[in-house]
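According to TrEMBL, the protein has these features:
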type     : residues  : note
COMPBIAS : 466-476   : compositional bias 'Polar residues'
DOMAIN   : 22-392    : domain 'UDENN'
REGION   : 462-493   : region 'Disordered'
REPEAT   : 818-836   : repeat 'WD'
REPEAT   : 848-887   : repeat 'WD'
REPEAT   : 888-928   : repeat 'WD'
REPEAT   : 979-1018  : repeat 'WD'
REPEAT   : 1019-1051 : repeat 'WD'
Amino acid sequence: MGSSSRIFEYFVVCGLGPEIRSLDGAKGFLGPEEMYMPAFLDQYPPSNHGLYPPPPPQLPTCVLPAGVRIYSSGLNANDVSTYPRSYPIVLTEGDGSKIYVSCIAFRDPICEDITEAYQIPANSFADKCICLVSHAPSFQVLRDALEEIFVLCFSPAGCSKPLWDIISHMVSNVPLPTPGKNRVLFAIENCLLSAEAPPKEWLPHADHVYIPIIFSSGVDYIDAPTPYMMGLHSGVDTSTVTMDGVVVVDLEYNRITTSEEIPPIPETEHSFLRGEILKLLQPNVMGIDYMKINLGSMGDNSLRIGTKSWGQEHDFQLRLVFLRFFSQILSGYRNFIDNALPTGFNSQAFLKKRSRATNQPVESMSMIMQFLETQGFLDYLERCNNAEESGNNLLDKLQDATGRGQNPLTIFPSQSADPEIITIADPEAEGSEAGGRHCYKRFPANVRTEDQEEKRKSILALASGASKQVPSSPSIRINGGPKPESLSPRERAAERERMVLDIKGLWLRLLRLGATEDPLSSFEYGTILALIESDAEGIGGSGFVECIREHIHQGWQCRLTDEQFIAVKELLKTAITRASSRGDMATIRDALEVSAEMYRKDPNNVQDYVQRHLLSLSVWEELRFWDGYFEYLMENCSNKSANYVTLVTAQLIVMATHMAGLGLHDIDSWNMIEKIAERNNLGYKQLIKLRALLTHLQQLRIGYWGIATGKSQPLQSYAMASPRALDVTDESQQPAEASGLGRSWVHSMFSRDRSLRSTSFNRANDVNAVATTGKTDIAAAQKKTQTNMRTLRGHTGAITALHCVTRKEVWDLVGDREDAGFFISGSTDCTVKIWDPSLRGSELRATLKGHTRTIRAISSDRSKVVSGADDQSVIVWDKQTSKLLEELKGHDAAVSSVRMLSGERVLTASHDGTVKMWDVRTDTCVATVGRCQSAVLCMEYDDSTGILAAAGRDVYVLLNFDTVAHVWDIRSSKQMFKLQGHTKWIRSMRMTGETIITGSDDWTARVWSLNRGTCDAVLACHAGPILCVEYSPSDKGIITGSSDGLIRFWENEGGIKCVKNLTLHSASILSISAGDHWLGIGAADNSMSLFHRPQERFGGFSNAGSKVAGWQLYRTPQKTAAVVRCIASDLDRKRICSGGRNGLLRLWDATTSI
C-alpha cells in the first residue's frame, strides 16, 4: 500500500461472511460456543479500484483476533461486556511502511440470508468490526471519525444520506494535512471534526508494530525481527516459538521474563519515571478501550466515575514523560561527542562524569552502558551531526530549558501563527431533505455488484443445500442410517446437465484467475469442491471430470500454472475418492485419462503431469479396476478389425503408460498386466515385449521425475538413477530435468496421441536386448543410496556462528590432517564448541570458554581457532589443547567478522566501522586497514592479492541514505574504490576473482568490477531484502536468497539473467553455501534444502558424456524444531551442518556420489 494524499485510505468492515468456517477450518455453523474465522465484508474504495494496493489480507484476523463469536443478544445497557470497544492497531508491510488502523468492535445482528442458509437461531448476533486504515499516524482523528460514523449509524434520528455515501465522501475528499501548516475541517453529518498533523519539531510517534491481541495462528509473529508490542492471551501455546530477545510481561501473575538479562534503571531516574507514569495513568487508563461517546442505551458505567477518558493530551503527556526521562539519563552528553572516535561518542568519559555527579560507581550503570552501545543511540548521534536535524533536537532543547529553569512545554513551537484552514464541504448534504432520514438496525452493507451478489447467493445456496443434506457415504453415514432416495434416470440426467453447466462456468473462471489470485482460496475452487463433496449421487465428481474432458476436446492445451495445478490435483483426488466409495468406475477411469493430459512447466520447461500426484489413492492397487478399464478400452477401440493379438497388446500398452504415469511399483504393475494378458491368451513373445516396455517406461519416469513417493516401496535397480532420495515427500518440488532422449520418450509415452505411443512401442523393441541382457551390469553400476542425519547437542542457546575446517585452511595436501572436516560452532551461551563428525556418538571434541557475550564469527587455520563476539573481543585458541592463547582488544563495538590469515595474522571487522589486522604472536593490532562510516556487517578478503572489501549499515548523507561498499588494497595501504549504488544496508558479500557480489535490504543484488570500480549489473527480481549471495564455481553463476522466500539462480552468458526461481521455502532465506557439486540452503521456516549438480546421467539411455545443466533438488529433510540460523559445508566429505535457534546442530552425511 503506497503513500496517499488522503488521510483515510480505506474504510473496512470485517465479521461473519457468507462462507462460515471455524478457526480449525471446519465448514458450516457448529454451534454458538464455537469461534469462527473473520472475513472481509465491505470496503471503500472497492477492491477493483487502482489508487493503491488493497488492505493487508491479515487485517480481519488482526482486528478480530479471537475470531467471531455468535451471541443470542446484542448491546445490553446493564452488561459492560456487551459494549463496543475502540482500539488502534499498527501493522508493518513488506517494504517496512506502517499501516495505522482504528477499530470499533461490536455485536451486530446476523443477516437473515446467512441465518437461514446455515440454520442459525433467529435474532442472533455476531462480532463485527469497522476500521479506518491510513498511512498517517493520526490516531485521534481516525478514532473520532470512526466513532462518529458508528454513532450516526445507530442513532435513533438517523442520517440525512445513506451511510455509505457519507463514508465514501469522507474517504475520498479529506486530504492529508501538511505538518504544522494547515488544518483540515470536515463534517460527518452535524459533527465538525479537525485533522491536523503536528510540525516536525513535535514529539514523534513510535513506529513499531502494535497489535492489542495477536490471533492464535499468528503466534509465530513473536519471532519477527522488528520491534513490536503485541498482546497475547495466556492460553496460547508458545512452546514452538523461540523467545529470543522477547520481553514478556505477564499481566495475570504480574511478572516479567526475558531471554536476556534486563539491567536496572538508575534509581533517581527510575523513581521519576514510575511516579510520572502512575500520575498519568491512574485513573485515566480505566476504560481506555470504551467509546468516548455514549449511545444512549449504554450505562454511565461505560466511563468510570472520577475518570477522564484517554485522549490526545494524554498521548502527548506520556511521550513527554519519556523525553524528560532520557533528558535526565543523558544529561550533559553533548560535551562527550567526539567525531574522531569510531562511535562518535566518548562513553567512558561520560560514565565517569555521571559517576562523580551521582556518587554511584560506574559498574552500577549497566543499563546506561548498554544503551550507549545500541544502534539507536548511534543513529541518534549521526542525526545530531546533520545541521537540519540538530536544529530540531527536542532532547537538546529540553536539557537547555531545564538548565534555565523553564517550563518543558516552552521547547515546542508556539501557536502564534494560526494554521491555514482547509474546509471540506459536502454539497449534497445541503440539498438533502429533512424528512428523508436513513435509520439502521444493523451496520448496513455496501451496494454489491452483480458478480458479488451472484457469488454471495451461490455460496449461501450451496451452504443451505449442504446443511439440509443427509450424508450418504458409508464412511460418514450416522448409525447406519438409510440412504436418501436415488434420483430417477430422467431426473439424474437433468440434474447432471444442470450441474455440468454450473461446473463448466466455474472451471473456466478458475482458469482465468489472475497471477496474484490464489485458486485454492477462490470462490470457484471452493464451490466446485463443495459440489463434489456434498453430492450423494456422484453427479458433481463425474460432471467435473466430464467438463475437463470436453474442454480438452475443444482444443485446450492443458497448461496449468503452479497454483492451478495444485487446485486441479486436489479436486481430482476428491472426485476419485468419492467415486471409489460409490463404486463409480466410469468416473475414476475418466479422471485417470484427463489427469494424464494436464500439466505444468517448471522454470526448466520440464512438464509435470497431474497424474503422477494421484498415486496415494488406493484404487490403483485393485486388479478389479484395471480389468474393467481393459474391457472399456477393448469395447471402444476404433480399429476392431485389427489382429486380436495386436488389439490386446495396444490396449495393454495404454494401461502400462497410465501405470507408469501414476508411479505404480514396477512389480505390482507387471503382475496386473501379466494376469490380464494371460486371460486373453497373449503369447510369450508379446509378454516379453510388454515387460521390456513397462521396465523402460519406469526407468524413463524415474529419470524424469524421480522415485514416486506416494506409496512405500523398495528401491529398485533401474538403469537410470533417481535424481531424488526417498524422503522427498513435497509434491510441490520441481521435477528433475530430463535428458533429450528421455524427454522425447516421456512426451511420446504420456501423450494422448496414439500414433506417438505406437512409434514409441516399436522403438522399445530395438532396446529390448539392452534392457534384458545388460541387466546385471546396470544393477552393479547402480550405487545404493545411503543417507544419515545426526543431531549434535551441547549448546544451551541459539547457534549464531558455524564454521567448517576445510582442507585448504589446514593445508591438507595428502589427506592426513585429522582436523580437516571439523565443525566449530558459536552460540548465545557465549561458548565455542569443536565437533568431530567422525566420532559417532561423541562428536563434541572441546568447549572453549572465554567470551561474555554472543559469538558472532569463527575462523581457523592449522593450529588455531579465532572467534569474535558481542563483547567487543577477539579470542585466539589453541586447537589442540583448547587453551586461550590471546585476547585481542581494540574494537569499540560488537565484532561481526573474523578471518585467520597466513603468517599468524587475524583480520577482524566490527560494528564500530573498523577493519583491523592483528599479529597473534605479539598480541597487537598491526593496523586499522579499513575504516567505514558505520557498522561493518560483512567482509571479504583475498589473501593472494591483498584486496579487502567491507560493507554494512547505511549512512545519512545529504538528506539521503547511502550505503557504500569499501574496497582497499591493504598491501599498499590505499583505498581502491567506494562502490556506491545500494540505498539500504548491505547484508552479504562474495568476492571472486575480479568481481564482488553484494546483497542489500533495498531488494537488489549488485555485481561490481574490481578493475573499474563500477557496477556491472543490478539483480532486481526479489520482493524483499536480499540476505545472502553466493557464487557457484561450477557454472560461474550467482545464487541469491531473500526474505521473500525465493531462491534465484543467475547466469552470466551474454549478460546476467535469472534462469531459475525456486519456491521451496516459505520464509526468509538465511544462508547459501555452494561448492562444485553441492549446494546447501537454510531458511527461517525451520528447514533447509540440499541440491546437487551431477556431472553425468547414469544408465544406458543417456548420451555419452552428456551434462545436466543447473542445480537439482537432492533432498529437503524434515523440518527442525527451531529456525535455522547458519550453515557450513564440508564438500570434500559431502557433509552439511546447520545450526538452529534451539541450540541444536543437525549434521547430514550424503554418502552417495551423485
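Positions of Cβ are set from backbone N, Cα and C atoms, glycine also.
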Sequence-distant residues near the repeat 'WD' (1019-1051) by C-beta distance (under 8 Å, 6 or more away from its ends) are 94, 984-985, 987-990, 992, 995, 997-1007, 1057-1077, 1079, 1081, 1083, 1085, 1093, 1109-1111
Its residues classified by DSSP, the repeat 'WD' (888-928) shows 0 helix, 26 strand, 15 coil
Residues in the repeat 'WD' (1019-1051) per DSSP class, helix first, strand next, coil last, are 0 helix, 19 strand, 14 coil
When pLDDT is averaged across the domain 'UDENN' (22-392), the result is 79
Reduced to three DSSP states, the repeat 'WD' (848-887) has 0 helix, 24 strand, 16 coil
Using DSSP three-state counts, the residues of the repeat 'WD' (979-1018) come to 0 helix, 24 strand, 16 coil
DSSP composition of the repeat 'WD' (818-836), residue counts helix/strand/coil, works out to 0 helix, 10 strand, 9 coil
